[in-house]
Each structure stands twice: as C-alpha cells, then as structure tokens.
Amino acid sequence: MAGNRRKKQHFSRIHAFSCGITSFKGDHSLIGGPGFSRIAYCNDPESFEASVLNYGDNYVRSTKYTLATFFPKSLFEQFRRVANIYFLVCAILSFTPLSPYSPLSNALPLVVVIGVTMGKEVVEDWRRKRQDIEVNNRKVKVHCGDGVFDYKKWRNLKVGDIVKVEKDEFFPADLILLSSSYVEAICYVETMNLDGETNLKLKQALEATSKLNEDSSFQNFKAVIRCEDPNANLYSFVGSLDLEEQQYPLTPQQLLLRDSKLRNTDYIYGAVIFTGHDTKVIQNSTPPPSKRSKIERRMDKIIYFLFGMLVLLSIIGSIFFGIATSEDLEDGRMTRWYLRPDETTIYYDPKRAAVAAILQFLTALMLYGYLIPISLYVSIEIVKVLQSIFINQDVLMYYEETDKPATARTSNLNEELGQVDTILSDKTGTLTCNSMEFIKCSIAGNSYGRRVTEVERALAMRKGSSLAQEVTEEEANVEESAEEKPSIKGFNLVDERIMNGNWVNEPRADIIYKFLRLLAICHTALPEIDEETGGISYEAESPDEAAFVIAARELGFEFYERTQTSISLHELDPISGQKVERSYKILNVLEFSSSRKRMSVIVRNEEGTLLLLSKGADSVMFERLAKNGRAFEEQTKVHVNEYADAGLRTLVLAYRELDEEEYNEFNAEFTEAKNSVSADREEMVEEVAEKIEKDLILLGATAVEDKLQNGVPECIDKLAQAGIKIWVLTGDKMETAINIGFACSLLRQGMQQIIINSETPENKALEKSEDKSAAAAALKASVLHQITEGKASLASSSESSEALALIIDGKSLAYALEDDVKDMFLELAIGCASVICCRSSPKQKALVTRLVKIKTGSTTLAIGDGANDVGMLQEADIGIGISGVEGMQAVMSSDIAIAQFRFLERLLLVHGHWCYRRISAMICYFFYKNIAFGFTIFFFEVYASFSGQTVYNDWFLALYNVFFTSLPVIALGVFDQDVASRFCLKFPLLYQEGIQNVLFSWYRIVGWAFNGVATATIIFFFCIRTMEQQAFRGGGEVVGLEILGATMYTCVVWVVNCQMALSISYFTYIQHLFIWGGILLWYMFLLAYGAMDPDISTTAYKVFIEACAPAPSFWLITLLVSVSALLPYFTYSTIQLRFFPLYHQMIQWIRFDGQTNDPEYCHMVRQRSLRATTVGYTARLEASFRSSRGKLEDE
C-alpha cells in the first residue's frame, strides 16, 4: 500500500549505530574478483545483462530423486548391497543351461524385492515433494512495474526482483534491505529457523535507500548490487550497491536471510540477491551423515560369512563332482553306465572333468543361494517403518501443550534405541524449559519471594530432613497464597510484602521504587498491545529480559509505549497509591555484550534529572559501586549466592544521577565513537561507556529461574537404573550447571566431585602474560595435573565403591580434547558416575561425543534443542531433537524428535528395548530358516553326487522366502513383546540386555545357525530313510523325486513356522493369521499349482492331490518330522529358562506367578543388574540409607 504511515522511531539515538555510517575497507576491495562476482540488477531482472548471467530461479528441491533420475539412482542404491548383486548375477545366469531352475522362478523374487524397496523410496520421496510444493508455492508481493506490487509465487522470484515482505512473513530468498516502515529503515528479524536463537536481530538499510518508503517510490528505481558468490557463511557478507553513480558498501547489517521472519515491523522492501539453492540457508543444509546401527553392521558380517559358506560348499561339491565325473570312464568301461558318459554334454563329460567341475561350481553357486535370505533387507525396512509409525503414534509421548508428538525422522536406527550406553545432553531447553520466570529479588538488603525452586528442594534433601520439612511447609503456604491469583508466564514471585502495591509500606519503599523503575526502563523490549483485550505483551531480545519487564508490570510499573526517543510507564505512585503516567526521555543505550556483562541506559525524567540505570553480572557490578553506594552490599552478596545455590540466574541492579556537564562530555565522546568507521569501533564505544558506568548506587539483585522440565529427575533416575551413563554438556557457568546437577540427581550430597577448572588465580595470571605459547603450555600442564589427580581419586574410590562426579570447564576441556591428553581424560570420565562439561562450545560438544563414540565403541545418544547442538546430534549414533522454543534446527538435524526430555524414558526403555529385541530375533530367525532350507538342498546334492539336480520344484524355491515364511517374521518384528511396557519401566534393568547385546551376540547367532543345520539334518535324513525303501501309495508305487521334494518342503514349512510360534512371547491375531495362514497357503498353492498344465507345474503336477494327500504316511511323516526337528530347541529353551533365565524371562516368571507387587521378590530381581546404579534419586536414597546405617553402627 503506497500510503502506509511510517513509524517515527529514531533508533539511531538508542542503539550504538548510525544510519548509513559504513566505509569500504578490508574484504570490500575484493568485489569483482574471484569469489566476489555476483551481480544483481535491481528492479530489472529481465534485462539483457541479467539474462546473460543465467542465475538459477528460486525453486528449492529437497527430494532425493527426480522423474529422470529415479530409476538409475534407485537401482544404484539397491545394488550397492552385495546380496542384491549376487541375486542379479544368478538371475542373469538362470537364462543359461547352467541354471538348475527356470529363469522366471529365479528372477521374480528379485524383481518383487527390488520393486517393494523402490516403492518405499517413492512414498518417502513423495512426502518430501509435497513439502517442496507447499514452500515453493507460497506467495510474496513483487514489484511488477509502475510502482505496483502484486503477489507472485516464491518459485518464480529472480535475482534483482524487488519484494515487499510484511509483518510475520518469512523472507522468500536472501534479500538486501532497502527500506522499512521505520524512518530509520530498521527492522527486527527472528532467525529461529537458522540458528535456533529466539532473540530478535536488528537490521538497518543504507541511508541512500531508506527514503524508498512507498510502493510508488520504486517506479523508476534502478541500482546494481555487486557482492560475494553464494556461500554457507550466515554471519558474513561483502558487497556494494551502485545507485545514481554513487557506490555504497553492504554488510551483514543489510542482509535478510531466507526462512528468517520479519517481526515488530509492518513491512520492508528488499532486493533479491540469492535465490533457491544459492541462498545461505540451503547452502548450510548439508545432508545428515549416513548412520547405520550396530546390528545392521553385524548383519552384513553374517551375510559375508554365509557367502563364504556358500562358496565353500560350492567348491567342495565341484571337487567331488569332478572326481566322480572323471571316474565315469575307466579304460573305456563306463562305471555309471546309466548316465551314458560316452554320449553326454560338456557338463558331464569325463574327458573334460575339470571343465565340468568349474561349470558345476557355477551351478552350485546359484543353487545354494537360498542360504542368503533375499527378502531380509526389504523385510527389515518394512518392519522398521511400521515400528516408526508406532513410535509416532504413542500417545504417552505426545505433548499436548505444544501439540507435538514424537517423530521418528529416520527408521534406520530403531534397534539402536535399545542399546544406548551413554547419553550426552544439553542443559538449557533440554533438561530445563528455557522459559524464564522472575521468582526472587533482593532489594535494599531484604530478600523477597517465597517460591521454592527444584534445586532448593534438592538442597534441602542434601542438608537434612528437618530442613526438608521446613521447605515442604513453606511450599504449602506459598501454594495457598498462589491459588488466589492466576499464573502469569514469566512471573512467579509470591510475597505479600511487595505484591498488590504493598511495597509502599515497606521500610525502604524509596529504594523499591527505584528498583522497579529500573526494571521497567533498562531494556530494549518492545510492547505489543492486543487490540481486542487491551493486554500488553513484550518482544524482548532474551527470555530473561521479558521476565524483568513482566515483573515490573506486575509490581506496579507497566511499560506500555516506546516513542521516538522516550519510554512511557504507568507507575504506582508511592505517595498517592494511584497509577500515574510518566515518560522518560531515552538519551543513550549502552548495549549488553558478553565482554561487558552489563547493560545501561541514560534517561532524563520529567523533572529534568539525568539518570544512569544499569544492570549486570555481580562480577562486574559490585566493583563499579561508589563508596556511598554500598549500603546493602554484604546482604545483597549473601542473597546473590543463595540465589545461585538455588539454581537461579542473577543480575545486580544499580543507578546514579549524572550532572549536565559530565553527560555532555560523555555524549560527545560516545557519539564520536558510534560514528567512527575504524575497525576498532566497538572497542572505542565500550571504552567510552566504561568511563561513565562507575560510582553506582546499589539497589538490589534479581533472580530468575530456568525451571527443570517436568519429569526430568524421574526420567534420569530410570535411565540410571537401566545402566545408562548420562553426561551434561552445557554452555552455562559451572555453578549453575552444578546446581542443576543436584536438582536432577546427577549429583548428590557426599558424592566426591573432581573439578577441573582453569579459572584459578594462577591461571588467570598466566593468561595475562605476554608469552601466549608459554601460558598455553602452563595451562595444559595444569589440566593434565588435575586429570592425573582425578585418576588417583578414582582409583582410591573404586576400592571403597564410592561414586564420583567429573566437572570440567570449557577452557580445560579444550586441552583435555587434545590428542595426547584425550585418552586420559576419557578414562577418567568413564570411571565417574556423572560428567558435566561447562562453558562448552558447539564444536567441543561434537568432539566430546565423537571421542566417547569412537574410543568406547558403545552406542551414544545426543539430545539437544538448539542450533548449537546440531554438531553433537549428527556426531552421535542417535541424535534426539527437542522440539522446544529454540527453533527447529536441532529437530531438522535429528534422527528422532520429541517434545520433552522425560519422553526419553519411554522412547528408550520401552520402544528401544522392544525394537532391539524384535530386530535381533527377526534377523536370527531369518538366518535360521534359510540355513535350514539351504542345507536340505545341500544334503540332497551330496545324495545326488553333486550333480546340480535340485530336490524342489522351481517355484517352491522361488516362493519360500517371499510368501510361505516371510510374513510371520514381519509380524514378529512389529508386534512381539517379551514384557509389557509397564514392566519395561518398572524393571529398567531389562534395558541392559541391549547394552550388553545379549540378544544378538555371536554366541546367540551361532546358536541359531546350529539350530538351522540341526533342523535341516533331521528333516532330510528322516524323510530319506522313511521314504527310500517302502511303497508310498496304495498301488505299491515307491516315492519319486517329486514326492520326496513336496514332502520335505512341507516339513520345512511346518517346522520353521512352528519354530516361530515357539519363539514368540506375545501372540496377536495377526501373528496367528500369518503363522498358520502361511502353512495353509502352502497347501492351497500346492493344490492350485499342481492343477495347472504339466508344462507349467512340471514336477508338481497333481503331486498333492494324487500322491501325497491320499497317503497316510505323508501326514504321519510331516507330524513326526516336525516334532523331532523342534525337540532340540524346545529342550534347550526349557533348560535355559529353568536354570539360566535371562532378565526378561525372570520378569515373565514374576508376572506369571503374580509377584509383580512383591517388593522383596522384585528387589531380588533388581540385584541381578549388570551395572550398579550410581546416579538418580534412587541411588541418592540408597546412599543416604547406607550413611545412616553407618552412623548407627558407629554409635
């Protein structure tokens, strides 16, 4: 709309920058050279010059395939698997005379398996395609000429287009900001989708384009932008804008990135510079690393072993065949005359026995291929997808507050969830809510706020039962008073002394007035008034700042408007007791930075008094107090320490009055520093600010709580009982991390803490020395010494069975991760019950995760919610993203997304255990049934002199894996449960079966393989011996090859399906249908196939209806062989269950005996734990019990 009224806010007077103050320096000189060749013709994307450049459009594709590439790429993916290449070679060879079976029967199973897998790929890629369609078809206003803007699809944008983005819309491409609804051409941008940060970023256009404030302004606008080529760096940008024969430098301050959102600004105009896959966000979207589970990797080894066995059997068979063939003609006499070796083909020619043996080797390679389960991979993929659906639809992992269920973003790692040995967790937003609440404050030496934090509850438990009783009573009183008032997000202070305006009656009401006024003024938040309700909400740069402004409002100082250079409040007047409107003129904002650790504003009140209002960390604020401003210093320090001990974030508040002369001198220097174009501009601004932020008068301190998420201590306790080690990697300072550790029971009273800290006075002195290399060497030596001492403590504690905790800061961690130290560090860390890494950078988080994963070889799980956790999530075996308030970057990089940390308990202990058990049993069973079937073929080859004659009909062979035995395995992989979910949670030690890999150990795999060989031996020799001599049919006919094959095949189908029934712990209707239906399907197939023309059915022609079914011996043999073949497994499992039960079998006995609520019996089962529980509140209670018992014994 051309007539939009622009907001008159002169933010250059507030923030430490000035519109258009930039200069060409450094990288700007590279423009036009290699890597800096991008040219955008603004408002003229269709010009000849622009079309010659041929930049891509704004279409974004995240799909794996296109119509043109689907078949070649998908087939390449399928034939990367060695097994599929083998089956393809067999299918090709089946068209030659070497083949022991028909080409169609051999090729069809491969086509079915490949087809199903490719169909799954199509479905998954179509989902991605639909997301792409939705994004690419979003609309944005684009200048069409003559000052008219009209809607255009994102996909159709071109480099050089002028777009108009309105409030709360996403930027459709990378733009250069030209102007906005503010006079100063600033805008606020939310980059949550890019970096996970919730605070708003301030951007500002060049002064030269800031006057383009209406649609009609662009009627004749022309400019050329020259800048860097597309790259992945989100935080740098170099370019220039040529406008009206003037050149202006462009910096990141003018860059608006695709997928960030416009906030608190009515509209902006921007020029498109990067589109589609050239945008920085897409350049950053590297494909996640390919992750494969340990079970899958071991499965590959088993398949290689079976390949080796297949080749060995083929070699053995071909050697014996060659020897036997060479002996068929001896001195012109035929030994096996019935084979007519004098008139035979090359395949059986005694004169060329070596060639015949080689050809027979190729035949055997094809024939014994049934040792390799062709449908294994596709069956596992189907099962994993169905398992993922169950995870996604679990209502007990659905978080109603944000309407977010658990989401398995990949199904490759389901079974890995059941084998996690170490969890590496972020703290803020993962263990805690990242939702700050103003809960306590200290004003004029008095502490206000009676809420009890979760850390205080933990402290009470640590310090004794009497204190715990006091805390419980205090909580009850607080809850009674809190029930009267509805909860307010960001404010949780309960204290009748200052609430509801009662603070005016306090002894130091004047100090409280100044304290609350400072909270309401010293910030950069923006108010938003709801037009319907009239309520005010705030957009702040951080959750802490929003909590301060909300607290001021609730205590009587409502910030409601920010105008040109002023801030307006509704204040509670302490004299009249009425709300009054007061306005404060903002003169300067001295912004917060990590080096300054404080923020200040200079304002003039209505009486004309100049005030400096400041808030910051206690480490920098107390040293800036005036001699006469320290009246409450000691009491405030005590309160600040108490708040920190309670796990709260603290800030100190102070102020002072300025005289005009001092301010004028400061303002002149400050303005000069702000407008400087030198490289050290920021340092100059900080230096000037330092001069005036002194001689402050202390008012008090604030304390905000980043609360633990619901259920975190209970979840950690269960995971610890399951034998999982938990490490916390956080960017917070050590004190906060330690207190959170106590709150969630990772730490407890009496637990020896090994603290490796570089923040010692000696190390600080070293850092200030000029010889940096010597200082670094000394710091490294210090860290090495502390690690060595820690290992000594670890050795002594192992003798007394005490649990230790390792706490290390970021600087020390940097040295601990160096190549010559990291092994020692890991050895120490693994020996400790808890590990907390403080002040960790994103890179350090990823390096620690890699170290644990590679050096221990155990399964690692990383969990986090922010962009700073992405490296850690991608490095771990499993990455879990928390879909919290820090954006979607972690979720998009994760393997599985959940809404709350507490859902990790169910995800691992229930779904993880079930998936691990199901996949393990499924793979073992697959190899069992194929070995059982393959060895019956091999035994018949021995019986038939390795001639290549198969005992089974071609289609019997082809359909064994695809129809008659595969569906029960899939049902096992999807539905089987050894114990119900409530017992998985009640007995977390069950999870240790996965950690120790009990169910997929080489011992168990070899056991199943041996069972397969035994089954094949019993079936083959039982059938041969019982059917070889006597008459089979009523007419006295003996058994032919076709009857023997049908009978043996029937026995195999019965045995492998009944074996499945014996293995299953939890029957469903579907499993009954698949097991008994598979057997029934075999009889129906034999009947239907045998009724076909003999040219089609060959050896199966009417074999069932005329030969097998009428013969009682056929049914008797089937029954006896099935019982005999199952008897070894039944005997073994009975003995093992009775005398050597596994954990799940013990729990099954408890359930069957009705002893699930017998505490003594359950405790006895828990004693079988493979790993002692050393953290969590259960371990804390046990430690407390041991301590009490020790004291009683001493007395």
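Glycine too: its Cβ is placed from the backbone N, Cα and C atoms.
Automatic prediction, not curation, is the source of TrEMBL annotations.
Applying DSSP to the domain 'P-type ATPase N-terminal' (41-105) sorts its residues as follows: 30 helix, 2 strand, 33 coil. Sequence annotations record features per position, and here TrEMBL assigns domain 'P-type ATPase N-terminal' to 41-105.
Under the heading domain 'P-type ATPase C-terminal', TrEMBL lists 891-1141.
Within its own chain, the transmembrane segment (302-324) is flanked in space by residues 82-83, 86, 353-354, 356-358, 360-361, 364-365, 368-369, 371-372, 376, 923, 927, 930-931, 938, 941, 945-947, 1005, which lie at least six positions past its ends and keep a Cβ under 8 Å from the stretch. Marked as transmembrane segment by TrEMBL: 302-324 (among others).
TrEMBL lists 353-378 (among others) with the feature transmembrane segment.
Per TrEMBL, the feature transmembrane segment maps to 926-946 (among others).
The transmembrane segment annotation in TrEMBL covers 958-975 (among others).
Long-range neighbours of the transmembrane segment (1005-1027) within the same chain, counting only residues 6 or more positions beyond its ends whose Cβ lies under 8 Å from a Cβ of the stretch, are 298, 302, 924-925, 927-936, 938-940, 943, 1039, 1043-1044, 1047-1048, 1051-1052, 1055-1056, 1059, 1113, 1117, 1120-1121, 1124-1125, 1128-1129. The transmembrane segment annotation in TrEMBL covers 1005-1027 (among others).
Sequence-remote contacts of a segment are chain residues at least 6 beyond its ends whose Cβ falls under 8 Å from one of its Cβ atoms, and for the transmembrane segment (1073-1092) they are 955, 959, 963-965, 967-968, 970-971, 1046, 1049-1050, 1053-1054, 1057-1058, 1060-1061, 1100-1105, 1108. If you look up TrEMBL, you'll see 1073-1092 (among others) marked as transmembrane segment.
Sequence annotations record features per position, and here TrEMBL assigns transmembrane segment to 1112-1132 (among others).
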Sort out the residues at least 6 away from either end of the transmembrane segment (926-946), same chain, that have Cβ-Cβ distances under 8 Å to it, and list them. 302, 306, 313, 317-318, 320-321, 324, 360, 364, 367-368, 370-373, 376, 379, 952, 960-961, 965, 969, 1005, 1008-1009, 1011-1013, 1015-1017, 1019-1021, 1024, 1048, 1052, 1055-1056, 1059
